[in-house]
Amino acid sequence: MSSAQKHVFECPRGWKLHGLDCFQFFNIKHSWNKASELCKRYGSNLVSIESYDQNNFTARLAKEFISEEEFERKGYWLGLKAYNELQTNTLESAAGHQISKYYGHWALNHPIVNEKRVCVKSNLIDSRQEWQLTTCEDMLPFICHTIACPLGTFHCSNGKCVNEEFVCDNENDCGDDSDEIHCPETCHYHLESSGDIIESKNYPLKYDSLSNCKWTLEGPQGTTILLQFSEFDTEQNFDTVQILSGGRTEESAINVATLSGHLQLKDRTFVSASNFMLIKFQTDSSVEKKGFRASWRTETQDCGGKLIATEKEKIFTSPNYPNEYPGGLECLYTISASKKKVITLEIEDFDLEPVKDTIIVRDGIKPTDTVLAKLSGTAINNPQFIISTGDSLYIYIQTSQADSRRGFQLKYREGYYPPSQSCLYLIHHPNKGRISMKFQLMALDESDIITVHDGLNGLKLHPGKGFSGDKTPNIVLTAETGEMAIHFISDALKNHNGFLLHFSADCPELIIGSRAIGSSRETVFGSKVLFSCPTGEIFATGVKEIVTDCLPGGKWSISYIPHCQPVYCGPVPQIDNGFAITSTNVSYRGIASYQCYAGFNFPSGESIETIKCDSEGKWSETPLCLASQCPALEKKGFPIVLCQSNGTWSSNAPKCNRVQCVQFPLIPNGYIVNTKHSYFYEDEALVECYRGYERIGNNIIKCGPNKKFMDVPICEGSYQCKCKNGFLSNLECRPLLDIGLADGGIPDKGITVSSSEKGYPKEGVRFNSEIGWCGTSTITGSKSGNWIIIDLNSPNIIRGFRIKGVKRENGILAFPSAIRLDYTDDLSDKMKEFRNVDGSPVEFRVLDGASMSIMNLPIPIETRYLRLNLVNYTNYPCVQLELMGCHKQSCNDENECLSNNGGCGHKCLNNPGGYTCMCKIGYDLFIKNGTSNLYIPASETGIRDGDTYQINKTCVPKMCPNIEEPENGIILNRREVYRYGDEIKFKCNFGYNLIGGSILFCSSGGLWNGSVPSCQCSILACYRRVENPRKKRLHK
């Protein structure tokens, strides 16, 4: 953000300005929903990061308040939630907007979404801020965001901005009355501290009639406000005091109490649901009384923490118990016990607002752990005991800002289920199928017992009298009837940690395909069965092994086991210079036999070789048939010649010739000069690189014995030199050369045409082509008709071009009669039209296409891409051409002073590679902001053309030093600053004479042309001064 913007926008006190937005980090931990609610109290929302820059800024802001370790481990909330579990790939912001999930700065493998992970948090990972999805119940710090307001405006509590002139004008300009929050003249006060005294107007005298007073109390973040009245006396029912809590304005707050009459409130404390409290005092037109006096203070919310359970019972209660708990609470307790000990939670007293105020108890220490109980209402609505399965409990408390009740008192201890318990658990299978169970943990006293039956009164499944003690049984019990009864009886005096068991319906029998081999026939839940096939066989689905699990709920993870079949190796593979003679089959253990053609042999010397189909479904390696021959020679003719019955040979004797290199190597950015020639062993070919590229290696390549060219060079580049700043390319060419259309220096891919007539391709545009190129457009008089673009690979100097017409198959001579040029160094930019010095476009005219025409450019150009536009043509738009020019050879100094005096205010002095601005006598060069006490306007930068003051270009008058008034005299034309050419005039007071010149001039050296004159009293004035020694000074 520029310094000018920082002086235009501002944020509420304590917020950080970044761009056009304001941010505030709250280092208090809340759930996502509670954090979003708190942001709205300040007229803001949880931050929704909208750019990479904002992502980095919020990371820096968070590091100012939380340690890097905490940042990495926990992070902080962002104002985004997964919308509809990301089924539409959409995130929803706290402000109600929707964005794509692909926009986020996600950590690796994120976002991972499920019904528990829906809210977005930010973590520091490898020094980068990255996003993750987590449960919304996590307690994390957060950042609020709102828009910045222009200077001279007021920040409303709902995020709006209104003109400061509208504050305290008795009009609700903000929409939430926050612009009238602190207006003492209308009895509205905003008190922001840790405590104070508030009184009704005139207290202890009578308050005014028709009063409408309001006090807005605001404490530090993370605190609550406690209000206590020391005296309260108002007209019963007509003059009221209303206490509101929750937000800064009435719109966002709820009523806590409404008071009226003569009340004794010294023993009663009113507690806010947040760090805001509003007190409204309204009176009617008659009967005024003493009023009230109250004190308020803030208190940090002491709610939540880590508790340690021991064998001795401990108690924890709601805040203020047994009095009403505060509204707006959000607390997190974790209770931990010794390793492998359970925790018992007992409800002694419980009274919460039903539904609105809740306590969630989870079996663990994370907000994603299993919910054991959700408590609300009174004790009769909730279980008396809650027992963990592990050594920790997670207790999350949330209360609304509305009505509060007495609260709760809970006991907790380590281990031990309640004594004298008789618990019966009946487990039913909905389809009357088998049910199985297995103990995961057993920690009972010897006097406690668990019995298990197949049905309520059926066959016992437990050994002996039942299960007891602290040794976990390693057996699975199964009820065949589809009903299992588990009876737990605890001793009246002794107890222990308890037990944990898992139960589920068993899985049905699997239908197994033929020849499939299973590792087990178990169907009990939790069973794992591995199926495979015999050696050399595979399942019909194409896999070698299948593993299926009996899942909780009585379903197999894979319910279909296909049959086995022999592996298939595929068709018998073919070999070079040989053939397959027999094959037993193409599946496991199949054998294929091979033989070589006449004149070829196996390296082993055998006449027949075989391959086999193995158990993996692959043929073994195929044999090779090799011919015996001389290196780099190949035989032409039949290898075997027979003497026929007529006394002649069946054919002529074969010949051995040098091998031929048929395929030319592909050379990126280069080419082989003559590809029409046939190259045999040890023949040589010439390699050249395209313009702008340098050859690495020899330019001669040889045809090798393996029918490939050897020692192929590479072309690297593109090599080009740009002139330094202040220098221009020297456009002279010595000697003048062809650019490379004829000799192939410009490849075919470097030629682009508007279109090509059949039989006259773009390659024919080269000057030495036998056919030429013709376009298809019939448009004339415009550059949008037929054109050719030449890519020179790097900037080249173009001095001219040669063209000639094309004699078509029908004997008609076709050629362009008018050509215009465009050029550029970057095809993504708009091409520049080639023009004369006076700015008029250059058009090249061709009078006769039968002979070669040479076109010299009046002004050479340096370019990479050259476009030739066939503006007009004779008969057909056809042409052949060659460009003339060279590579840039040197750079010349650019005289910047020739153009607009280099932007200098007075003088411009050219020098190699640059120029310098100089000023006339009496002026200084404006070298920095503040030169000669002159400053760049806020809307300008000082480096752009047209700015009032341009750094190192503008000349400003020299400044003369300030002059004090002479004693008994004055300066007639007083200024703050005097510069070259200014004058200053002096005058003496009445009764004094001026000694010296009355005018001074600021000279070209920045000094005054004389000294300050003096004022001496006249004889009469001096005489009066002696006559009146008591008067210290004559009147002016």
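From the backbone N, Cα and C atoms, a Cβ is placed for every residue, glycine too.
TrEMBL labels come from automatic prediction, so no person has curated them.
If you look up TrEMBL, you'll see Cys149-Cys161 (among others) marked as disulfide bond. Under the three-state DSSP scheme, Cys149 (disulfide bond) falls in the strand class.
A coil conformation is recorded for Cys174 (disulfide bond) in the three-state DSSP classification, outside any helix or strand. Counted within 10 Å of its Cβ, the other Cβ atoms near Cys174 (disulfide bond) come to 24, all protein chains included. Summarising the annotation, TrEMBL assigns disulfide bond to Cys156-Cys174 (among others).
Over all protein chains present, the Cβ of Cys168 (disulfide bond) has 17 other Cβ atoms lying within 10 Å. TrEMBL lists Cys168-Cys183 (among others) with the feature disulfide bond.
For Cys507-Cys550 (among others), the entry in TrEMBL reads disulfide bond. Neighbour list (Cys550 (disulfide bond), Cβ cut-off 8 Å, at least 6 residues apart, same chain): Asp506, Cys507, Glu522, Thr523, Val524, Phe525, Gly526, Ser527, Lys528, Val529, Trp556, Ser557.
Take the CB of Cys1015 (disulfide bond) and look out to 10 A: across all protein chains shown you find 20 other CB atoms. The secondary structure of Cys1015 (disulfide bond), as reduced to three states from DSSP, is extended strand. The feature disulfide bond is assigned by TrEMBL to Cys988-Cys1015 (among others).
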Among Cys149, Cys161, Cys174, Cys988, Cys1015, which are recorded as disulfide-bonded residues, the nearest neighbour of Cys183 (disulfide bond) by Cα: Cys174
Cys174 (disulfide bond) versus Cys1015 (disulfide bond) - Cα distance in angstrom: 63
Rounded to the nearest Å - Cα separation of Cys161 (disulfide bond) and Cys174 (disulfide bond): 7
Neighbour count (Cβ, 10 Å) for Cys988 (disulfide bond): 21
